[in-house]
Amino acid sequence: STVLLFSSILLMLKNNLNNEINESFTSMIIMSALLLKSGAAPFHFWFPNMMEGLTWMNALVLMTWQKIAPLMLISYLNIKYLLLISVILSVIIGAIGGLNQTSLRKLMAFSSINHLGWMLSSLMISESIWLIYFFFYSFLSFVLTFMFNIFKLFHLNQLFSWFVNSKILKFTLFMNFLSLGGLPPFLGFLPKWLVIQQLTLCNQYFLLLLMMMSTLITLFFYLRICYSAFMMNYFENNWIMKMNMISSNTNMYLIMTFFSIFGLFMISLFYFMF
């Protein structure tokens, strides 16, 4: 915030200093400060550690709501070469950083960095595209963090024994993981599909290749979590909170999961009907 304010003051004083201040350099400092506030690479160093110390609801705010203002300001600056560097680093670091994580909050943090790379790439194309992407990403993140918050899940080994007799909840949780990763035909594929179409029209094939490869890596560690949790034998965890399966929170989660899994079909049907 200090860097952002300082560079803004420099930009305002530019005319009073006989143009001795380079405007593009000042804009680059402002852009770097905004990327730092949003948690984009290479200014992401604070984001996973901050996520690890937050509750799930506060982590959700950090992953979604706190990104709106920086991204809106970035869309007005739109320094393409700096955005391009941040997009490439964000999708790569977000994918590779989540490979060996055992903490669910850090896993979601690196997933957020990867998705932020997709949102920044959509900023280079159209403001409406990134708003659509941000809306779907926020919804899918809310579904997962809502469930993690209900059952107090913070580490992967808790998933292995989590509600061993409730295969439905386990199955829906992992379907939401795959939807967040952008696997078709789930809802999370729709915003990625829009970005892929627009990047193809702009002939950004190399950038698109890197982004799709990073998505495959994120899907790999999501699938690894799913496979391990379904194949591991049951063992007792004293910190697992027992809950009544027929509760309002669980019912709300199942309703949101329905839209997460079948939302793409419903949107496609609505589009072809009207």
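Keep in mind that glycine also has a Cβ here, set from the backbone N, Cα and C atoms.
Swiss-Prot has this to say about the protein:
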type	residues	note
TRANSMEM	28-48	transmembrane segment
TRANSMEM	54-74	transmembrane segment
TRANSMEM	79-99	transmembrane segment
TRANSMEM	107-127	transmembrane segment
TRANSMEM	128-148	transmembrane segment
TRANSMEM	171-191	transmembrane segment
TRANSMEM	206-226	transmembrane segment
TRANSMEM	254-274	transmembrane segment
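Listed as Cβ neighbours of the transmembrane segment (206-226) (distance under 8 Å, sequence separation of 6 or more from its ends, same chain) are residues 84, 87-88, 91-92, 94-96, 98-99, 101, 107, 111, 114, 117-118, 121, 156, 159, 174, 177-178, 180-183, 192, 195-196, 199-200. The transmembrane segment (28-48) makes contact with the transmembrane segment (79-99), as judged by at least three Cβ pairs under 8 Å among residues 6 or more apart in sequence.
Residues 30-31, 34-35, 37-39, 47, 83, 105, 108-109, 112, 116, 119-120, 123, 130, 134, 137-138, 141-142, 145-146, 148-149 of the same chain lie 6 or more positions beyond the ends of the transmembrane segment (54-74) yet place their CB under 8 Å from a CB of it.
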